[in-house]
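Remarks on the structure that follows.
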Amino acid sequence: MEEFRFLLKTIISSGVGEETYCPANILQGRETSPSLHDSLQETDDVVFSTLDTLFATSGISPSQIDILVTTVSLFAPSPSISSRIANRYRMKEGVKSFSLAGMGCSASLVGIDLVRRLFTVRPNAFALVVSTENIGAHWYQGKDRSFMLSNVLFRTGGASILLTNDPSWKGRAILNLVASARTHLSSDEAYGAALQVEDDQGYRGFRLSKHLPQAAVEALVHNFRVLLPKVLPAWEIARYVVVYSYTFCKRRRRTPLINMKSGIQHFCVHPGGRAVIDGVGRSLGLGEEDLEPSRMTLHRFGNTSSGGLWYVLGYMEAKKRLRGGEKVLMISLGAGFMCNSCVWEVLRDVGDVNVWGDCIQRYPPLTLVNPFADKFDWIHQDYMNFIRLEDYDRAQFDM
């Protein structure tokens, strides 16, 4: 009963709305016995629908694709998912395919960086990065609180991204990749911060350790040391160094913040959970308007793992907030422990409603309070206060 109350309180406070998507076997109550067919169907539904739309709207033929990268952390069938895509669309024999697994929510930007590097030796090429997650076969069935949040936050979704280094396509492109950076911490604490293991009862799930917040901060700091000098103006970097040095010499506790908005106008923070968004926002000195796309994505679609950043970008596009010449920062965190980021330049004003088309007019809503909060307000009473705040905060800081 206590585990049920903990789960209920977490659901109500998670920031996830009532219109997200789940795999069929979960909705049908078959989470204890998922089949291979269930996993394949879940992946096919997302991947093929996004690719069908991409090919139809871009005018690109599947036979023109030179590089294919898929990022699915928890599902690695044989033949691979990239092979499944190549077979479905009858891609050419020379397509270079890569199936990335085990990298969690940060995998999509790993795929983007991989394509960037391959483009240096493949001129005038077209590439696809297909990002999704398979959750139906990994639904946690135990009662350990440090494992339970994945059932609350993770939902079905994904995205397919078309990239090219063909100069003749510059007039049709929406974004230009300016810079990217990848950070992979290798300490035992970072490696075990978010780990897929079995609980004491033998149920498999993701355990979130007390080292997770520190690992995320350390990875973000290391990542930005590489990325920010490439995208922020030199005068801002110099100002920060001077202020930081002065603060250090005076031994003041509060660390100064670098002005991210001196070179970046939009921020795609991975919608991994409310605490993730809040934590990154505080670290970067971002306001509510900056974090709105990530909060709305979490509310409407939940945490769709590596595909989540593209829903955030889609929100900005649907709201017609992206203008030519502006810069967009994408930040992702993932098990390993990894932080991957990149900066895009918007090439022209964009306003496609995309996947948000059926609901963008309702966002942002007047309130993000869960509609069941009043019905279950008894979970907040003092006599029900069996949940420690540190348990909830630790669980919320999810991938």
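One-based numbering along the chain as shown.
Note that Cβ sites are derived from N, Cα and C of the backbone, with glycine treated the same way.
These come from TrEMBL:
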DOMAIN    2-243  domain 'FAE'
ACT_SITE  Cys105  active site
ACT_SITE  His184  active site
DOMAIN    262-345  domain 'Beta-ketoacyl-[acyl-carrier-protein] synthase III C-terminal'
ACT_SITE  His266  active site
ACT_SITE  His270  active site
ACT_SITE  His299  active site
ACT_SITE  Asn303  active site
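Annotated features taken from TrEMBL, shown on the structure.
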residue	record	CB count, 10 Å
Cys105	active site	31
His184	active site	18
His266	active site	21
His270	active site	30
His299	active site	22
Asn303	active site	29
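Here the C-alpha separation of Cys105 (active site) and His270 (active site) works out to 8 Å. Cα distances from His270 (active site) to the active-site residues His184, His299, Asn303 are smallest for Asn303. Between the C-alpha atoms of His299 (active site) and His266 (active site), the distance comes to 19 Å. Cα-Cα distance from Asn303 (active site) to His266 (active site): 20 Å (rounded to the nearest whole number).
In this structure, the CA atom of His184 (active site) is 25 Å away from the CA atom of His266 (active site). Averaged across the domain 'FAE' (2-243), pLDDT for the predicted model comes to 93.
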